[in-house]
Amino acid sequence: SFEGRVEVYHDGKWGTICDDQWDDRDAEVVCRQLGLSGTPKALSWAHYGQGSGPILLDEVQCSGNELSLDQCKKSDWGQQNCDHIEDAGVSCDPFTGTDVQLCQSDACCPFLLAPPAEGTLRLAGGRSPSEGRVEVYYNGDWGTVCDDGWTDLAAQVVCRQLGFR
């Protein structure tokens with residue numbers, strides 16, 4: 001199943017996210033972080049059941065273009081004013097995985113951190129998640145892309161490949 005309560009791993013433990021400010025832009029980032037495509041949908045009020053561990057995040061406010069929840073505006077880890085009846089959930093379609101898990105009641109499906117696929121792109125060293133030096137994962141390492149022949153069209157392709165609109 002590619003829907004469930006969102007749990008994050010931080011400081012050696014799994015915990016839930018409070019649904020305050022939770023919307024489809026946050027769901028889009030969770031789906032992207034999990035490597036899942038499709039139409040992301042945010043669900044609130046413990047739609048997929050209440051968690052039992054700590055509530056680790058609150059007031060998550062993603063723009064929708066971030067590559068992971070870490071890049072979104074949010075409360076400090078563990079700073080929240082919620083009960084598990086406010087656990088956030090998402091619905092998204094299949095693709096691959098990272099350090100987030102989706103849960104329904106007490107059954108969890110972890111997506112464990114795996115090395116990126118060959119040819120995966122990322123932006124590094126920018127002032128925001130939507131800008132930076134283009135890097136590509138190849139043969140077990142991240143490397144830069146030479147700017148010889150670099151055009152606006154190439155930049156547009158990179159942006160689309162990273163999920164930016």
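Placement of Cβ uses the backbone N, Cα and C atoms for every residue, glycine included.
Per TrEMBL, the feature domain 'SRCR' maps to 1-93, 121-165. The annotation disulfide bond is assigned in TrEMBL to C18-C82, C31-C92, C62-C72.
Cα of C92 (disulfide bond) to Cα of C62 (disulfide bond): a distance of 16 Å. Local packing around the Cβ, expressed as the count of other Cβ atoms within 10 angstroms, is greatest for C62 among the disulfide-bonded residues C62, C72. Separation of the C-alpha atoms of C31 (disulfide bond) and C18 (disulfide bond): 17 Å, rounded to the nearest whole number. Note: the CA-CA distance between C18 (disulfide bond) and C72 (disulfide bond) rounds to 14 Å. Remote same-chain partners of the domain 'SRCR' (121-165), defined as residues 6 or more beyond its termini with a Cβ less than 8 Å from a stretch Cβ, comprise 32, 65-67, 71, 115.
Long-range C-beta contacts of C82 (disulfide bond), restricted to its own chain and to partners at least six residues apart, with a cutoff below 8 Å, comprise C18, D19, D20, I55, D58.
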